[in-house]
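Marked as domain 'UspA' by TrEMBL: 468-626. Under the heading transmembrane segment, TrEMBL lists 12-35, 41-58, 94-116, 122-140, 147-167, 187-208, 220-241, 275-299, 327-346, 352-371, 383-403, 409-428.
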Amino acid sequence: MTSDLQRDLGLPATTAIAIGAMVGSGIFILPGIAYATAGPAVVAAYLIAGLLVLPAALSASEMATAMPEDGGSYVYVERGMGPLLGTIAGIGNWFMLSFKGALALIGGVPYLVYVAPGLAEYVVPIALALAIVFTVLNVVSTKSTGALQFAIVGVMILAMAYFVVGGFPSVEPAQTAGSFDLTSEGILAATGLVFVSYAGVIKVAAVAEEVKDPGTTIPRAMIGSLLVTTALYVLIVYVAIGVAPDLSTGGEFVPEGGEEVASIAYAAEAVLGELGALIIVLAALLALASTANAGLLSASRFPFAMARDGLVPGQFEQLHARFKTPALAVVVTGGVMMLMIATLPIEQVAKFGSAFQILVFILVNLAVIGFREGVVDDYDPEFVSPLYPWTQLVGMAGGLVVLTQMGTVPLAGAVAITIVAVGWYVFYARPRIEREGAARVGARENVSQRATGRTRELFDSDAKYDVLVAVTEETSADARRDMLRMATDMGRLRTTSVSVVEFVDVPHRVFAEDHPEVYAGTVPDWLPADSEDAPSWFPDGCSVSLPVRSSGGVEQRSVESQTDDVHVEYRRIDSKDHKQTIVDVATYGYFDLVIAERRQADFHERLFGGETDWLLRNAPCDVLLVDDNGFDGANEMAVVANRGAYDPLKLLFADAVAEETGAQLNLLQAIPENAPESQRESIERYHEELISILTVPARSTIIETDDETAGLTRFVGDADLLVTGVDRTGLSARLLGRPGNRLVDSVDTTAVMVQTHDGRRPGLVERFVMNHLFN
């Protein structure tokens with residue numbers, strides 16, 4: 001099976017396709033309807049709409065020169081934003097162009113009836129016959145289609161020029177007053193209405209693989225056709241409203257009840273007579289036929305391109321052995337158009353596609369940003385959109401404004417098409433593909449770079465680290481010693497002051513003072529009195545001291561250092577609520593880190609919040625939660641390094657403990673089994689950067705699993721210490737438990753959970769984005 005399409009379309013034919021895809025109902029039917037909305041300012045509405053389309057044309061031109069492939073906006077959105085949005089753009093464009101092609105074939109009714117009223121009852125058979133003719137032409141040869149398109153557009157432009165030149169001297173200034181009044185009431189609504197007149201400007205990109213010298217031809221064709229069509233629209237509408245009689249009452253130029261009328265033919269007859277009207281009718285019929293032909297040609301290339309990417313069945317990719325055209329895609333598209341002509345209320349359905357076309361323009365602008373900001377080595381366009389990214393941002397903002405003026409029915413149609421496309425992607429495409437868009441890859445790389453930068457800054461900092469080891473009456477002796485060990489290990493990387501505080505709850509007493517009471521009598525037995533009876537992990541030359549002040553406050557600590565790196569002191573604090581007192585001590589003592597024991601919560605505490613959750617929510621600094629299962633040193637430590645906000649502190653702590661124990665670090669990251677290769681490569685690069693920052697030996701392990709907790713549990717294996725982060729805080733975490741908690745509960749080793757103060761409580765949007773990027 002071959003996929004080599006013939007490059008038969010030169011600049012004239014390509015420009016003709018673009019103009020033909022635009023000029024149709026937009027100029028022959030909409031002027032009267034739009035005049036009823038904005039009056040003479042409809043001229044300005046056409047001009048504004050053309051300017052708002054320009055960013056999408058520039059963006060599509062850039063991407064077309066980088067990827068001259070059939071499929072147009074679908075290809076750009078799919079490559080830039082990923083297969084989901086690509087599927088929406090592809091299916092939506094296919095539906096929209098099919099609808100518009102069908103509408104064009106029967107949309108000449110008012111003009112046909114204008115000269116031959118007796119033919120009105122044969123409109124549907126004639127439209128079906130034309131659909132068959134155009135389908136056959138598109139199957140036989142794209143070259144002949146392009147030549148026919150060029151001929152149609154040439155005749156149409158000559159007819160329109162005749163109308164403009166012949167009618168301009170007869171324009172009544174009173175009727176055109178306010179044509180360019182940007183403050184006119186209804187101008188935004190009219191702009192939204194006529195916006196669809198320019199929908200075909202980027203459709204030439206759908207046949208980019210059949211264009212000669214696409215690097216120069218496509219930008220010239222797109223921008224040139226947009227400029228020509230905008231000028232044509234403005235001139236024709238200006239002359240039409242200037243010469244049409246009875247505009248004060250609407251006359252026959254403005255439709256009644258929203259029905260279509262032959263507005264331009266009516267205006268032409270008023271100034272050029274019957275001959276002029278006949279010429280305009282001929283131009284209108286040619287324009288609508290041109291729109292149908294260009295719509296069929298462009299629409300058929302969307303399933304062709306999607307088939308090559310595995311988003312629709314592969315049969316749509318097959319080319320005819322003799323004609324080298326995507327015959328099946330053309331025939332199916334033509335058949336759908338004929339079905340619409342025969343059975344559906346085309347006029348209303350076509351309006352659904354209009355709103356969706358604006359969404360596609362927005363996605364096209366967004367796709368350029370995805371390519372520019374993403375990691376795409378082979379993205380090298382010959383044409384570059386100017387004033388990036390402001391051009392794209394203006395285009396997206398303008399599209400959103402226009403959408404608000406489209407009304408409920410078109411928006412509902414766009415939503416319906418989107419739902420259909422998402423359903424197709426979920427049930428058909430997603431199980432068959434393993435790739436992602438440049439924007440997602442770029443976003444992931446940016447997150448990785450920020451995490452790496454924060455990690456490097458934390459390791460390079462020489463600022464003193466004040467650590468509060470918070471023990472309570474429920475903390476076991478082993479856990480107390482292990483928490484102290486972890487705190488003193490921090491001094492191996494930077495100067496550290498460790499305050500071991502035992503928080504004791506006392507009953508409420510009448511006439512008692514409100515503040516907690518601080519005691520510093522003797523050092524408890526579980527703490528080493530001096531370095532001689534201390535375990536091997538205790539810093540050399542270090543002993544436990546008592547605070548300078550024994551009562552009346554909690555903020556003052558001894559400032560006398562016993563070693564260059566670590567200073568340890570002990571105190572006991574009696575209070576009515578130890579968790580509140582922990583937070584108060586950490587706040588007014590200006591601690592950088594609190595080390596506390598993790599308490600496993602039952603469902604009630606998980607749902608409504610227990611002591612550990614309260615501490616995490618209210619701590620004024622970083623927190624380490626220790627789930628102690630015995631820690632006698634380590635040969636290997638497992639660190640879940642998933643590019644989250646907690647990675648820098650996780651790695652600093654793990655590196656410090658590994659310095660003391662001589663352990664090797666194993667950086668873990670779980671990804672889905674069908675994750676794209678770009679995701680794995682991104683994680684590998686991130687872990688390599690982290691390993692270059694660490695001061696101890698480390699390696700990377702990437703786990704492919706659809707059950708993150710089970711996969712990580714399996715690879716934690718015989719590690720002596722697990723370091724992970726405190727994660728999800730939403731409703732699902734309360735009902736099902738946090739993934740980090742489930743991981744800690746599923747392993748037998750001692751675990752440390754990290755939460756940084758700056759990244760403590762990610763919002764719903766942040767959690768969704770991070771899950772979408774990395775899971």
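FYI, residue positions are counted from 1 along the chain as it appears here.
For all residues, glycine too, the Cβ spot is worked out from N, Cα and C.
Between the transmembrane segment (94-116) and the stretches 12-35, 187-208, 275-299, 352-371, 383-403, it is 275-299 that has the most C-beta pairs under 8 angstroms.
Contact between the transmembrane segment (327-346) and the transmembrane segment (352-371) is absent: fewer than three CB pairs lie under 8 Å, with pairs separated by 6 or more positions in sequence. Between the transmembrane segment (409-428) and the transmembrane segment (352-371), the number of CB pairs under 8 angstroms, six or more residues apart, is three or more, so the stretches are in contact.
In the predicted model, residues of the domain 'UspA' (468-626) average a pLDDT of 77. For the transmembrane segment (220-241), the residues of the chain that approach it from at least six positions outside its boundaries are 11, 14-15, 17-19, 22-23, 26-27, 31, 35, 40, 42-43, 46-47, 50-51, 53-54, 57-58, 60-61, 64, 157, 160, 163-164, 167-168, 171, 175-176, 179, 194, 197-198, 201-202, 204-205, 211, 247, 253, 263-264, 267, judged by C-beta separation under 8 angstroms. Residues 31, 34-35, 176, 178-182, 184, 186-187, 190-191, 193-195, 197-198, 201-202, 222-223, 226, 229-230, 233-234, 237-238, 241, 361, 364-365, 385-386, 391-392, 394-396, 398-399, 402 of the same chain sit 6 or more residues outside the transmembrane segment (41-58) yet have a Cβ under 8 Å from a Cβ within it. Within the same chain, residues 9, 14-15, 17-23, 25-27, 30, 33-34, 37-38, 41-42, 44-46, 48-50, 52-53, 56-57, 60-61, 63-64, 67-76, 93, 96-97, 100, 142, 181, 214, 218, 221-222, 225-226, 229-230, 233, 291, 294-295, 297-299, 301-302, 305, 354, 357-358, 361, 364, 401-406 sit at least 6 positions outside the transmembrane segment (187-208) and bring their C-beta atoms closer than 8 Å to a C-beta of that stretch.
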